[in-house]
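Enquirer: Questions regarding the structure given below will be posed in turn.
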Amino acid sequence: MIQAFRILCRCRGTKVQTRLMALGSIFCMLYFLVVTFTVTALAWFEILPNLYPHKPDSITSHKIVISFVFMNAIGNCVLILGTDTSIHRLSKELKKKVLKTKEFKNCAVCHEAVPARTHHCYLCEACVLKRDHHCFFMTVCIGYFNHRYFVMFCFYMMVGTFYGMFLIVMYLKLLFNTTFYGPQTFITIIYDLVYGFLTEHYPNEKFLFLVILMYCSLTAGMIAASLWFWHLLLVISGQTTHEARRGIARHTGKSYYRNFVDIFGKYWILSVFVPAPLPMYYDPLFEDYQKRNNKKEHGECKHD
């Protein structure tokens, strides 16, 4: 987010499109943060005590689930933002190794030799290792070193927002006797609200607030669910978004499990439940390239 503010504050030298993208990043980040903290606080301090006034054990159970999901979502968010995915984290020895493999390209912006599958981001102003995309919700690029945190962030945001929406629906039933017949109810509520405003039968302020928050949770949950499903497919296929869209499959020869472990690391079970910078399984930035070079030296394959 800091980089996005820097781009907006620059007086010259930045394209209008880049400024708009930076502004969009800030808006998306604030949207997810506001929804996350508002729904969590509302569920913790108001919804649960009113839903279960005489069932402290039920309140405790819900709070344990909320705490676990919340800490994982925020923890993975912090790791996404705090992880350096650029080529600057490569040591001089590794940079020399890149040059020896002959599997590198020169960035026209950075004017540096970078590994294959590395792309320059104009918002982050850096070349990102195995760059997947620039995430507007995180305001940073998703690359090799923070991809697993992004996948788990999407998962826990999906669980958390849908869980929060469920509690809001239960609260609406309790306070206003709102009946939910199914997914179509989300459409009929909008119709009733619009009709009420047009006929000057304004809804209760608390009802309006809860309904707006319910739709915000639904929107955030659907976005998180779609992102999680898409990136889980990318992880097990060993591709990036750029490669998947263009049908590039030169790095997908390994098994689904190996592709999964490449991203989530040798302690992948812990990575799923604990947001921590655990060790990666191996160095994928150079192993595949070195294998191809060895085959070339022995005449086993042609140049890609």
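Every residue gets a Cβ built from N, Cα and C, even glycine.
What you see is a predicted model, and the numbers here were worked out from it, not measured in a lab.
The feature domain 'Palmitoyltransferase DHHC' is assigned by TrEMBL to 101-244. According to TrEMBL, the transmembrane segment annotation covers 20-44, 64-87, 149-172, 178-198, 207-230, 267-286.
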Enquirer: On the 0 to 100 scale, where does the mean pLDDT of the domain 'Palmitoyltransferase DHHC' (101-244) fall?
Expert: 86
Enquirer: Please count the residues of the domain 'Palmitoyltransferase DHHC' (101-244) that DSSP assigns to helix (H, G, I), strand (E, B) and coil.
Expert: 85 helix, 18 strand, 41 coil
